[in-house]
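J.: Sharing the record's features from TrEMBL:
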type	residues	note
TRANSMEM	6-26	transmembrane segment
TRANSMEM	38-55	transmembrane segment
TRANSMEM	67-86	transmembrane segment
TRANSMEM	189-207	transmembrane segment
TRANSMEM	213-236	transmembrane segment
Amino acid sequence: MKIVPEVIIMSFFLIFCRIGSCIMLLPGFSAPYIPTQVRLIISMALSVILFPFFWDTIYPHTFIDRAYYLKLIIMELSLGGVYGFFMRVYTLGLQFLGNIISSSIGLNPPPGMSVVEATAETSFSSFIGVVGLLALWTTDFHHHIFYALVQSYKITPIGGQIDLNNILVSLTNILQETFTVMLRLSNPFLFFCIVFNFAIGLLNKLVPQIPVYFISTPYMVGLGYLFLCSLIEIIIHQISYSFQTIFNNI
């Protein structure tokens, strides 16, 4: 059968749809300070690399009618978006962790624009998000993501049926594990907050004349920072380790 340029372009575009939609939602790549052109270049480069390996599975689907080809485009965009959203859920958990820690140590500044996401959050939450994302990048989490994308063509090849039940189960597991990990990492700070406020409340009962709030806040913030400095290495290690554990089981 003769291979015409139109067929090659149509086949390449199917690869690009899954890769591109994942890159557009991927943590780090989807940051507002990353130009859209850079994301497109990265997506096209990965698509060019993978295109020869999946040519035999894509080629037969390009000769069917246009309605079927449009259906394939929608399916590929959806699958890529699902994989990108899975990774994004974990990084959104870092914001949850940062908010709990900042509230526990008495640091509640007004929210500002996030460095990682195009949303408003506190500076401390943004700091935790940047540190956590940097830890994931240094442990090559993007390699795991690209490997998962390649393996997705074996699970759901082009033209195959999307298993919605499997996607929903995976999303539920990721949400559950992410919430558990972030809550476990914030437990020491919650314990610190409870003990400190209990001690301050007891002091206020013993000496009601002392303005406890104005005296306790600097100590709470200072001790909270010292507590964070002593645990930041463990937190970063657990963030990177838990990511690999969670997504290796999906």
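All residue numbers here begin at 1 and follow the chain in the order shown.
Yeah, the Cβs are placed from backbone N, Cα and C, and that goes for glycine too.
No curator has checked TrEMBL annotations; they are predicted automatically.
Since we're looking at a predicted model, the values are computed, not measured.
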J.: State the residues, same chain only, that lie 6 or more residues beyond the ends of the transmembrane segment (67-86) and have a CB under 8 A from a CB inside it; answer 'none' if no residue qualifies.
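T.: For the transmembrane segment (67-86), the sequence-distant neighbours (Cβ-Cβ under 8 Å, at least 6 residues beyond its ends) are 10, 13-14, 17-26, 30, 61, 145, 148-149, 152, 156, 158-159, 162, 167, 170-171, 174, 247, 250.
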J.: Six or more residues out from either end of the transmembrane segment (38-55), which same-chain residues have a Cβ under 8 Å from its Cβ atoms?
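T.: 11-12, 15-16, 19-20, 23-24, 29-30, 146, 150, 153, 158.
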